[in-house]
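*Asks:* Submitted below is the structure of interest, expressed as structure tokens.
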Amino acid sequence: MARIEIDKMSKLLQVYFIMGSNNCTRDPLAVLKEALDGGVTIFQFREKGEGSLIGEDRVRFAKELQTLCNEYSVPFIVNDDVELAIELDADGVHVGQDDEGITSVREKMGDKIIGVSAHTIEEARFAIENGADYLGVGPIFPTSTKKDTKAVQGTKGLAYFREQGITVPIVGIGGITIENTAAVIEAGADGVSVISAISLAESAYESTRKLAEEVKRSL
């Protein structure tokens with residue numbers, strides 16, 4: 001197995017849905033199914049924060065979501081937890097700057113997909129040199145979902161990464177909605193990652209479909 005090609009990775013990032021049980025006000029499996037029907041291209045399991053599942057409940061829930069993703073041939077990525085990703089044979093893992101370092105993650109994960117959150121050019125270059133397949137750049141807009149976020153960068157921060165010669169696939173993160181998706185893509189992102197724009201939408205299907213349309217229109 002070889003590492004994922006850049007073109008394929010770029011396409012997978014178009015509509016990147018991130019979710020845990022505590023991000024939904026209704027059945028998370030129903031939300032994910034609607035989102036998959038609507039056109040989610042990659043999914044990240046992020047079970048963190050107040051009211052999140054732990055232990056066996058967390059593992060069982062992850063497996064249920066993974067099974068659903070597999071039915072749609074949509075990659076299932078685990079946030080932070082490399083051991084869980086290995087246990088589940090997930091398609092990949094996403095790590096932040098405060099999580100396990102990219103070098104040891106790449107050693108453990110082999111050729112699986114690895115995404116890294118990057119806030120500076122230095123972080124981005126280090127991640128790429130040590131095996132990141134894509135970067136999560138942000139927060140682009142203010143967000144209420146993640147409490148521990150860095151300073152908001154705006155689309156200028158994203159454009160700056162491209163201006164500095166960062167060519168790997170990038171997904172925009174933080175406060176992204178249907179209304180501001182076009183600006184994120186036009187600034188240089190290959191796709192948008194969202195939590196509440198889908199998880200709290202009246203119709204996860206409609207919200208995902210509109211996000212997908214905006215991305216494709218703006219690329």
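Each Cβ is built from the backbone N, Cα and C atoms, and glycine gets one as well.
Given the structure is predicted, the values throughout are model-derived calculations rather than measurements.
In case it's useful when we look at the structure, here is the feature table from Swiss-Prot:
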- Q44, F45, R46, E47, K48, N79, S117, K146: 4-amino-2-methyl-5-(diphosphooxymethyl)pyrimidine binding site (BINDING)
- D80, D99: Mg(2+) binding site (BINDING)
*Asks:* Just counting, how many other CB atoms are there within 10 A of the CB of N79 (4-amino-2-methyl-5-(diphosphooxymethyl)pyrimidine binding site)?
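*Replies:* 21, counting other Cβ atoms within 10 Å of N79 (4-amino-2-methyl-5-(diphosphooxymethyl)pyrimidine binding site).
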*Asks:* If you count Cβ atoms within 10 Å of each one, which of the binding-site residues R46, K48 comes out on top?
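*Replies:* Counting Cβ neighbours within 10 Å, the top one is R46.
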*Asks:* How big is the Cα-to-Cα gap, in Å, between F45 (4-amino-2-methyl-5-(diphosphooxymethyl)pyrimidine binding site) and D99 (Mg(2+) binding site)?
*Replies:* 15
*Asks:* Measuring Cα to Cα, how far is D80 (Mg(2+) binding site) from R46 (4-amino-2-methyl-5-(diphosphooxymethyl)pyrimidine binding site) in Å?
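*Replies:* If we compare the Cα positions of D80 (Mg(2+) binding site) and R46 (4-amino-2-methyl-5-(diphosphooxymethyl)pyrimidine binding site), the gap is 8 Å.
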*Asks:* With every protein chain in view, what's the tally of Cβ atoms within 10 Å of the Cβ of F45 (4-amino-2-methyl-5-(diphosphooxymethyl)pyrimidine binding site), excluding that atom itself?
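*Replies:* Taking every protein chain into account, the count is 28.
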*Asks:* Within a 10 Å radius around the Cβ, which one of these binding-site residues has the most neighbouring Cβ atoms: E47, D80, D99?
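*Replies:* When each Cβ's neighbours within 10 Å are tallied, E47 leads.
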*Asks:* Show which residues of the chain containing Q44 (4-amino-2-methyl-5-(diphosphooxymethyl)pyrimidine binding site), separated from it by at least 6 in sequence, have their CB under 8 Å from its CB.
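*Replies:* Within the chain, Q44 (4-amino-2-methyl-5-(diphosphooxymethyl)pyrimidine binding site) has Cβ neighbours under 8 Å at Y16, F17, I18, M19, I77, V78, N79, H94, S193.
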*Asks:* Is N79 (4-amino-2-methyl-5-(diphosphooxymethyl)pyrimidine binding site) helix, strand or coil when read with DSSP?
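*Replies:* DSSP call for N79 (4-amino-2-methyl-5-(diphosphooxymethyl)pyrimidine binding site): strand.
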*Asks:* Enumerate same-chain residues with a sequence separation of six or more from S117 (4-amino-2-methyl-5-(diphosphooxymethyl)pyrimidine binding site) and a Cβ-Cβ distance below 8 A; give 'none' if the list is empty.
*Replies:* H94, V95, G96, Q97, L135, G136, V137, G138, I173
*Asks:* According to DSSP, does Q44 (4-amino-2-methyl-5-(diphosphooxymethyl)pyrimidine binding site) sit in a helix, a strand, or coil?
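*Replies:* Once the DSSP labels are grouped into three classes, Q44 (4-amino-2-methyl-5-(diphosphooxymethyl)pyrimidine binding site) ends up as strand.
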*Asks:* Taking DSSP three-state, what's S117 (4-amino-2-methyl-5-(diphosphooxymethyl)pyrimidine binding site) in: helix, strand or coil?
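*Replies:* In three-state terms, S117 (4-amino-2-methyl-5-(diphosphooxymethyl)pyrimidine binding site) counts as strand.
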